[in-house]
Amino acid sequence: MKQVRALCCALLWLLSLAPASAEVAVPVLTQRVIDLTHTLSAEQQAAVTHRLQQLEHNTGSQLAVLLVPTTAPETIEQYSIRVAEAWKLGRKGVDDGVLLLVAKDDRKVRIEVGYGLEGALTDATTGRIIREQLLPAFRQGDFAGGVSAGVEQLAHVIDGEPLPPPAEAGIDPVGILILGGLGMLILFFIVFFVIVQRQPASRTAGNVRPRRNWTASSAAGSEQTSSGSHSSGSGFSGGGGGFGGGGASGGW
C-alpha cells in the first residue's frame, strides 16, 4: 500500500512539473523578423526588415517582429515579456525597444513597449494600432499586410518622439578611453619605427629588416583579425533596453 502511495505521489509531482517544462522557448535573437510559423515569404520578411533597419538608423529605436504558433501554456502577455527581457530591444538607458508578437494558432497579438516609449506608445495607442492595423488584416488571412501596417504605424509614432540621436545614445565612455589608449599606443610604435629607420645603417642593418617584416606581418594579421571580427558581428542583437509590461494585446 505504501508503495502505491509513493508511486501516486511521484506521478503527481511529475505532472506538476509538466507545464513548466512545456513553456515555449525564447528563440535566439539573430534578426529583426523571426517567423517560426513559416507564414511570411522571404521577400515579405526582407521588406519588413528594411523598414525596421530604417527606423533604427533614423531614431536609434529597435523594433522586432516575432511570429510563433502558440505561447501555451503561458498567456501571450507572459511569453511576450519573457521574450522582451531576453532580447533587450532598445538602447540601454533609453529603453526605446518594441516587440510585435503574433501567436498565429492562438489568434493573439501583442505589442510590448519599452520603458522609454511608454509615453508615446501608451496602452491606448498600441491597442488602437492592434484594432485598426493588425486585426482587420489578420482576419482576412493577410499576415504580411497586417505586420507591415502595424510596423509602419509604430514607426510613425516613434519617429515623432524626441529621442536621443543614435550616435549620441551610443557613446560609451569606457569605449572612448580604450580607443584613445589604442590610438596612443599605435602612435608610439609609429614614432619608434621612424626613429629606428633614421639610425645609421651600420647600427641597424641586422635589425631594421626584421622589424620591417615583423611590422608587415603584424599589420596583415591585424587586418585579418579585424575582418574576421566584422563578419562575425554581422547579426542583429538588442542594445540593453528594459521593459516593464507596457503595451496592449488583442485577438481575432
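Cβ atoms here come from the backbone N, Cα and C positions, even for glycine.
For reference, TrEMBL has these:
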SIGNAL    1-22  signal peptide
DOMAIN    33-156  domain 'TPM'
TRANSMEM  174-196  transmembrane segment
REGION    205-252  region 'Disordered'
COMPBIAS  214-225  compositional bias 'Polar residues'
COMPBIAS  235-252  compositional bias 'Gly residues'
- prompt: Helix, strand, coil residue numbers for the compositional bias 'Gly residues' (235-252) per DSSP?
  reply: 0 helix, 11 strand, 7 coil
- request: By DSSP assignment, list the helix, strand and coil residue numbers for the domain 'TPM' (33-156), in that order.
  value: 64 helix, 25 strand, 35 coil
- line: Mean per-residue pLDDT in the domain 'TPM' (33-156) works out to 98
